[in-house]
Amino acid sequence: MWSNCIFLTLFTFYLFLGQSCCQTDTLLQGQYLKDGQELVSAFNIFKLKFFNFENSSNWYLGIWYNNFYLSGAVWIANRNNPVLGRSGSLTVDSLGRLRILRGASSLLELSSTETTGNTTLKLLDSGNLQLQEMDSDGSMKRTLWQSFDYPTDTLLPGMKLGFNVKTGKRWELTSWLGDTLPASGSFVFGMDDNITNRLTILWLGNVYWASGLWFKGGFSLEKLNTNGFIFSFVSTESEHYFMYSGDENYGGPLFPRIRIDQQGSLQKINLDGVKKHVHCSPSVFGEELEYGCYQQNFRNCVPARYKEVTGSWDCSPFGFGYTYTRKTYDLSYCSRFGYTFRETVSPSAENGFVFNEIGRRLSSYDCYVKCLQNCSCVAYASTNGDGTGCEIWNTDPTNENSASHHPRTIYIRIKGSKLAATWLVVVASLFLIIPVTWLIIYLVLRKFKIKGTNFVSESLKMISSQSCSLTNKRLSTLRVGSTIDQEMLLLELGIERRRRGKRSARNNNNELQIFSFESVAFATDYFSDANKLGEGGFGPVYKGRLIDGEEVAIKRLSLASGQGLVEFKNEAMLIAKLQHTNLVKLLGCCVEKDEKMLIYEYMPNKSLDYFLFDPLRKIVLDWKLRFRIMEGIIQGLLYLHKYSRLKVIHRDIKAGNILLDEDMNPKISDFGMARIFGAQESKANTKRVAGTFGYMSPEYFREGLFSAKSDVFSFGVLMLEIICGRKNNSFHHDSEGPLNLIVHVWNLFKENRVREVIDPSLGDSAVENPQVLRCVQVALLCVQQNADDRPSMLDVVSMIYGDGNNALSLPKEPAFYDGPPRSSPEMEVEPPEMENVSANRVTITVMEAR
């Protein structure tokens, strides 16, 4: 911070001290800027001039910082069309065109727009060179052309990285071919064509590095050094682009600048001229720099991995880390370890294989990688005097006595030190030790039914600190960060990290898939409000579309939620082990950092309450469909209670937890409160009661007792709601009427007036339908006060399919007939959730840890 302040003070002092009465920032129409002349911006920050490199006759027109310690051109007008000798000049001709001349001949036309107005060229203090059409009063009328629209290898604050949808114009950086050769090189830094909210570096047209997705004002790649940058993302109908401004703590609005070098690395160049890395390139064995980056002369090392599909690059010397999917081009296995290159100057005894890249010149770095990709390659060299072109040999080409070739720099491949092989042994050992250690700890935890201790956590963290990387199991486009807490949670869930196989394979696999936060964010358009389906005690629910086109519903645990890890694990473990056509399918989960999400199959018709309690939408539910929905719920509950490998009590059956697929088939959802019973266990007790008002059985509400008969009670309430088209608690505003729907139906049943409770939208035919009347009686049997009097779900099946010859027993007094429920003084009763019409395709219940 103090160093930046000192440099900023000196820089400002230099600007004002160096001002001259003779300098100008403007080139008028008809004037010429020649070698030895400069345009200097108003506050002496930037200058435009012709320049050349030492021992080169090629001259370039470029913009530089106008001070003694910030070297290097930030923009070059004619990078691919140098002027031979000192004959170059820049002018705005009589037609308003901006042209670079070689002598009297036109070399390069920067702006071809013709205008009859007064036109001037001005260098701004932002570093932008603008061709402006002026009004008669001297004010600017419009910008005809600007250098910011044609970046070279450097990005300044205010410049764009992206593209114009309508014109196809792209704003991107392109590396130099060499240190003294500014022609367009092999690396391009810009916006991804397919995923517009991320930046990529392309090498020879292939993805070399990616920034991660833009989300909540930042990039998802953690080890991206954005200190000093304030990035913004703009997306309109015509343009998509990134832009950044400078942070005041890092040099103010003009700094830092970003440059892509010849090896594909992004450099941050601060006010003091010091270069630091913005990102970590594909890992190499080398010296550790800021943010864990490794770099040294590339010819003296071999990348541990050079990939771009499921390619794993990061900031460690082992090559495991950030993952994304693109076409792959691995290095040959022989090149991964134990080789270096020795530089020698010698004639070549014979000609090698010369790469002829049409329309492109290969840099020395490109040639180096071409050699690495070929196990037969033992040497490489540039074919041109400027360091471009590529020639490789499969035998040693050096021959000091050869007279047929001139001496040139050749890089000979030799076996290097045993460092890489040593690291391979170390890494392999760690990969063996870490899983074994985790397995032992997991078995101990399971044996003693311990969910985790500080000792275990600290031990695992210590083990992790001794290793440089954890095994990076990738799921094609899905990935989870491998922190200790996440791994322990996944172990508890019984989930192993693995590749996401083909779709058919996944459908046959009952285990959960693991999704990365990045993939879920991308699927939901970064949790946009447009994809939000609803919100409840668990948190918001979003609709998403996976990369393979599958639609999903995503429950995202809110940090402010009263629910927590217990409910998350409960639902994830239960649904993963339960498979039935009338149970909602859980596809996977996301456990990354503080994020916990559940990913379900998407239910396009939302939930039952969405239709049932709306006066217009309920018309869709005729009696045939309502009965089919009840059948499906019965089959789902029967499976949970009797036929699944686990005996499960749901404890929160209600209309909002019945989801409807595209064919209106019901699926039971929300297993956060569910409990598993042993084979010989019939009931259980809890001291913390939570649920939905109107659906809880009296023994559960008053005493905390629950069993399969608790679900039967809830189902009975739901049956009455389906038949009557009203909520159970819809009577509570009527002080003189019945307490709830149960009491209302019971009173009319005793008076033989049960037809009056049937939903009028079902029509007259339903009123006389004996099946409807039978279902009313079955529902009353399910909501009886005494749990022992209620039928089992297996009994319910036989009851609803019976006919007049199979008489039903008369129901006894229903629950809560004697007044509102009162809890026991020993019970801790949480405020019940009031039932609302749900807009969710996945529902949420307020729950408390048990």
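Glycine residues also receive a Cβ, built from the backbone N, Cα and C atoms like all the rest.
Note that the structure is predicted; figures quoted are calculated from it, not measured.
A disulfide bond in Swiss-Prot ties Cys390 to one cysteine from Cys334, Cys367, Cys371, Cys375, and that cysteine is Cys367. Checked against Swiss-Prot, the range among 202-219, 436-453, 598-615, 616-633 recorded as region 'CaM-binding' is 616-633. Per Swiss-Prot, the disulphide partner of Cys377 among Cys371, Cys375 is Cys371. Calculated from their C-alpha atoms, the gap between Asn55 (N-linked glycosylation site) and Glu535 (ATP binding site) amounts to 69 Å.
Within 10 Å of the C-beta atom of Gly539 (ATP binding site) sit 19 other C-beta atoms, taking all shown protein chains into account. A separation of roughly 55 Å, to the nearest angstrom, links the Cα atoms of Val541 (ATP binding site) and Cys390 (disulfide bond). Distance from the CA of Cys371 (disulfide bond) to the CA of Glu535 (ATP binding site) is 56 Å. With helix defined as DSSP H, G or I and strand as E or B, the domain 'Bulb-type lectin' (24-144) counts 0 helix, 63 strand, 58 coil. Summarised as a single figure, the pLDDT of the domain 'Protein kinase' (527-816) averages 86. Between the CA atoms of Asp652 (active site, proton acceptor) and Cys367 (disulfide bond) there is a gap of 66 Å, rounded to the nearest whole number. Taking the C-alpha positions, the distance from Asn118 (N-linked glycosylation site) to Cys377 (disulfide bond) comes to 60 Å. Shown are the glycosylation sites Asn194, Asn374; the one with the most C-beta atoms within 10 angstroms of its own C-beta is Asn374. The CA atom of Cys367 (disulfide bond) is located 11 Å away from the CA atom of Cys377 (disulfide bond).
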